[in-house]
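Beneath this line is the structure, given in structure tokens, with notes to follow.
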RNA sequence: GGGCCCGUAGCUCAACGGUCAGAGCAGACCGCUCAUAACGGUUUGGUUGCAGGUUCGAAUCCUGCCGGGCCUACCA
């Protein structure tokens, strides 16, 4: 039995994520986790909220909560939405956990021992009124290049020129508007990624089957300009993991915390510890997933993320893992996604443009969203959500092709034979052909799911559903029944077994509908090893029920209504 | 400025050097009547962004141009 460690990029704690965020990491990760479990493999599927950093502090200040309280509350909100979308995490952790504090400090200590951490003094803008150092983007002023008066300290949004905060004319704090700013000297730790450049480069070069998106971004960072740059891993903030060298204090680093991009990936490991704690398991139980000296040798580790996260996962985190000199499990496959756009533009959190996770579930159940998002996952390029496309796909694929199939076959059987599988009849050439077709399709489906080709796998699954309709149409049990009820019984029995098979195969994409189909057929059973056997799993006499319609259709009125409701400014 | 990705039927996408460039949806026609007016079959539709080049052969490789998107290291 294979063992799969699967992680999704950590959603930032600040606010509710939109569908673009969902389809870029958590949803495909869940698809893969469900599939691997379905195949009978051992899976540990982890995710967590990423809770540190300036935006979290500011969001908490805005609501008047303490940062810790704000994060705890938002973690609850996000966990509930994850549940709503049926994301099957084995554990949904928090980067602010005690586990992560300890591990982050541990890694910093090991990296320091290995000579991979450097102390650097730098000059940063301090706001007296806010009582804090300001990240570049939180300083606003007039652009020296184009005169735009709301340029940010990192870049002018108007003329796109890259800036240094000290370039700005009349700089002010974007938080308070205060102009009482000064440049202060402050000391920070830098991770010497540059020292690992050769090793990282060899490692990336060896990954010939990774998505181009993943390797091209990694190579760009490795080779651009002067090559991979060292990066600061600490910040002058209150909220975060205090800078320590293992258990020991770090002289000169008092009052500073590690920066999110350093501590967030380490939470992938810490989340396994949190999982063990929550399950009442011991250290060995999570270490067998993460320590190659404790049994993780045979683990296959797959990460899912949007393209914006690729540099941290191909360079930063591997530097932490490799540089520690300890036998931690390194990622085997990085699946990255492009962005999902919304109706001709981008999803926008600030403008409330597009559909957010909470709103999506208010409008329709999870399966509708899961199916559309996964069958249109932005794998080869950015893709686009439109309500017309959503309505068409959902109505056709889910309601007509799959839902109606389950409906027609169960209702026909009930009316002609009652609510048990009828007896009699034997397979003919048509049934043999169906078995052969489904055998080939199943093999393709498995191959695509193994390769995490999400859209193609969805198309193949749809083909498997459609094969049921094709069979029924050509077998026509409603006609057969008139002269040859035994043959009709065989055809209907096969049809009902198809519903059961669909429950098993569809579960990774649409878990709720799959559960309904399984319930109606008295249970789903295991992943099919052999199609012919799977199609006779339900024997004559087995009871079944006619399920409620699996999917309803989206009307034109609803589509129009939602289209205007989500055009901007959420409310 | 630099880099990367993309541009294929009305729409969403496949094909990544080799039989007439495919599929789903939409459209048209036919069939079926078990079913959520659902299903099945047939079919219309493309000088593969443009212009050159390499090759026996190019959507696929190269060059240039046009158009769209992303990244560029202190947003995570």
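Note: Cβ is positioned from N, Cα and C throughout, glycine not excepted.
Lifted from TrEMBL, the feature list:
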DOMAIN    A:4-409  domain 'Methionyl/Leucyl tRNA synthetase'
MOTIF     A:11-21  motif ''HIGH' region'
MOTIF     A:346-350  motif ''KMSKS' region'
BINDING   A:349  ATP binding site
DOMAIN    A:421-570  domain 'Methionyl-tRNA synthetase anticodon-binding'
COILED    A:435-462  coiled coil
The motif ''HIGH' region' (A:11-21) - residue tally per DSSP class, helix then strand then coil: 3 helix, 2 strand, 6 coil
Reported in the order helix, strand, coil, what are the DSSP residue counts of the domain 'Methionyl-tRNA synthetase anticodon-binding' (A:421-570)? 97 helix, 1 strand, 52 coil
Going by DSSP, how much of the motif ''KMSKS' region' (A:346-350) is helix, how much is strand and how much is coil, in residues? 0 helix, 2 strand, 3 coil
